[in-house]
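Record features (Swiss-Prot):
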type	residues	note
ACT_SITE	122	active site, N6-AMP-lysine intermediate
BINDING	32, 33, 34, 35, 36, 80, 81, 144, 178, 314	NAD(+) binding site
BINDING	407, 410, 423, 429	Zn(2+) binding site
DOMAIN	587-664	domain 'BRCT'
């Protein structure tokens, strides 16, 4: 037993070091295959010994659903930062600091040093506090909360691969950081999500406040650490020293840290950060300027809310205040009834905004949003604007938003499930049926060419199409009665419907509209179970073994195929001649098979999604970062830092023309 435990400790130390090299340093020393072999060996030993070390990498898997969030009292307070909107306000802050230091030095023999500032980026994510004990083990992680009391998110933080579960430290510390979702992770998640995320910040916040840990893991969060908020070890003399300590502990840290001795230098760095803002793989909303010397910080002190020795310079945000005129309730394909805010039109980021997202009634109540009130609207990453909060002073003459009790379209009684309201009238509720038909016919589903929402509406209203199976019963002469349907268009649609009967199984599964199942999950299900019959009869336990399928998604799939009406509809589709098929994909030998490839820059003949699909069809592994284990970097126009990293590491670089020649 002792030998096995020693071997486990050895494997855990090795695997954590390899993970640090891979995720933090971006410079792995072993191959993925070697890592997987050691990881599998550790899993076997943990099962045999029934012992799992608290800092074992197997604790990152995230395969449980928690009951609720518990409170955690921070050992050291998490302060908010005062904000400057322009250089004049920043200079005022600087002059106040100078005045306090001059007064102190005039009365004290122990002089404070020349004022020196450290400038860093201000990340637009969710503040987190991680506690490591005297053995260096991560024992607690929590949200900021009030700054004094937060919520325990330890299990969620452990899914972030860059956050070490153990550090080489012998006293209790709390480190503050920002959990973020990168643009790369955001795009990857949305490819497979039935309900796409709206922006990076919500992606991170929603992941950390999700009780389904596997869903948190799916979002592939990252983190940057920038402060030691509580420390039972030797005191730091400067912020530089503190940041070096954080880095030496193996905690992920942004490389950009600049020292400035005057406001001209600070302004130059702020301008630089703003200039690279759009190139970053994550969101920032400003710069943070802090006093470097710790003793000077102590002399400057705090207000009730903020430290006087730090300030955030906020970039011009894509946010604005306007009036909430009304709330419109819309019905989606799943029957979910969701609110949309109707706003007094306002210009935001070069666009006239009239509507904004309100996720559900819980969201409305939490943000205290009311009719007639002034609301703060944010537009991130060019997606649908979202209401972030309300102007408190505008609430006096406002009205409460009432949740509907009937469907706004078919007048059926709504049922509440969790935070959402649903219309269960799937047969005659127009928005549900129309959106279901459009989804079924879409390119990634059954690929019925020439099918639009307008066509679906006519089929529902004039041809009484009440189920997906009814599509395969439509006759040409019926289509000729519809608006703008002549002979050729009618025949083309009939042909397209008939041609769709021979479809691949993954497209059919996706077309069925299973809640929480996107095209990627549909593909993964087919890869795992091979046949429609197997997928229909699988268990929740088997479903969670599918990559990226957690308890919630597994239950959605299981419940879907338990519904007798759905099974009846599927049987009717099969009886009408729909024949989903699955063929094991065979990949011909090619130069990119089993190679790791990174893509950077814009390509002429492929979008980012298309080139990824193409490479994967060639048997290649597509990575988002360059390391010495990368085989090729495919470079397009205006490549980013990945190109420079490839040159630095001596990785083979090819352009689009060379790529095309290699696959001819």
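Glycine residues also receive a Cβ, built from the backbone N, Cα and C atoms like all the rest.
Since we're looking at a predicted model, the values are computed, not measured.
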Distance [Cα-Cα, Å, rounded] between residue 423 (Zn(2+) binding site) and residue 178 (NAD(+) binding site): 39
Closest of 34, 36, 81, 122, 178 to residue 407 (Zn(2+) binding site), Cα positions, recorded positions only: 178
Cβ-centroid neighbours of Zn(2+) site 407, 410, 423, 429, 8 Å, sequence order: 331, 335, 408, 409, 411, 412, 424, 425, 428, 430, 431, 432
Position of peak Cβ density within 10 Å, selected from the binding-site residues 81, 410, 423: 423
Rounded inter-Cα distance in Å - residue 429 (Zn(2+) binding site), residue 34 (NAD(+) binding site): 54
Cα distance (Å, whole number) from residue 122 (active site, N6-AMP-lysine intermediate) to residue 81 (NAD(+) binding site): 11
Long-range Cβ environment of residue 178 (NAD(+) binding site), under 8 Å and at least 6 residues apart: 123, 125, 126, 127, 128, 223, 224, 226
Three-state secondary structure, which DSSP defines for residue 423 (Zn(2+) binding site): strand
Spatial separation of residue 34 (NAD(+) binding site) from residue 122 (active site, N6-AMP-lysine intermediate) - C-alpha basis, Å: 37
Cα-Cα distance linking residue 410 (Zn(2+) binding site) and residue 36 (NAD(+) binding site), given in Å to the nearest integer: 54
Secondary structure composition of the domain 'BRCT' (587-664) [DSSP: H/G/I, E/B, coil]: 26 helix, 18 strand, 34 coil
Greatest C-beta neighbour count within 10 angstroms, which of the binding-site residues 407, 429: 407
Distance [Cα-Cα, Å, rounded] between residue 34 (NAD(+) binding site) and residue 410 (Zn(2+) binding site): 58
